[in-house]
């Protein structure tokens with residue numbers, strides 16, 4: 001019962017969509033209405049408002065970190081922490097407060113990993129940064145980081161046959177699944193690069209007047 005309650009609370013925390021909230025607070029259009037239509041930091045960046053994108057990134061990462069930190073703060077066993085990690089991540093993907101139209105989970109997963117093991121989170125984030133820097137594709141960076149996260153967990157930290165290790169693997173699989181459309185675009189050479197605002201403009205612009 002305790003695990004179920006903790007997972008439910010984590011899911012509700014994950015359901016808070018900072019992309020939508022920050023955009024509304026700053027007078028920007030709903031990120032689900034332009035660009036990739038994904039309520040995440042990369043799409044918010046297409047609005048041209050870097051501050052909004054940074055706030056979205058930090059907020060989404062923080063909620064992932066917070067849920068796992070709370071589980072550990074209250075002394076919950078690893079199996080409970082694992083379910084909390086998955087629940088907050090799923091909450092971001094399918095938020096009950098926003099008609100289950102969520103993001104792809106990159107920032108939230110990073111927050112979860114930082115809470116699970118700070119070095120694991122940093123190693124995964126560094127992987128994302130390196131790929132993003134050289135290739136300028138957020139989706140490609142996310143996919144590579146998702147593949148390497150469980151590898152880092154097993155081979156760098158020796159986490160094997162542990163509920164949290166399985167949670168990390170589950171998040172990685174879900175993250176790759178959520179990027180299946182991006183994979184098709186990457187293969188077709190049609191994926192937008194980081195900072196590309198063309199799609200936002202073509203879809204009516206991201207500045208002002210958007211309804212949430």
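Using the three backbone atoms N, Cα and C, a Cβ is placed for every residue, glycine included.
Using a Cβ-Cβ cut-off under 8 Å and counting only residues 6 or more beyond its ends in the same chain, the transmembrane segment (3-23) has close neighbours at 29-32, 39-41, 43-44, 47, 52, 55-56, 59-60, 63-64, 66-67, 70-71, 76, 79-80, 83-93, 95-98, 102-103, 108, 210, 212. Annotated transmembrane segment per Swiss-Prot: 3-23 (among others), in sequence order, evidence recorded as sequence analysis.
Residues or ranges marked as transmembrane segment by Swiss-Prot: 51-71 (among others). Cβ atoms under 8 Å from those of the transmembrane segment (51-71) belong to residues 6, 9-10, 13-14, 16, 18-19, 21-23, 26, 28, 40-42, 44-45, 80-81, 84-85, 87-89, 92, 103, 107-112, 114-116 of the same chain, restricted to positions at least 6 beyond its ends.
Residues annotated as transmembrane segment in Swiss-Prot: 78-98 (among others).
Feature annotation from Swiss-Prot assigns transmembrane segment to 115-135 (among others).
Positions annotated as transmembrane segment by Swiss-Prot, on the basis of sequence analysis: 139-159 (among others).
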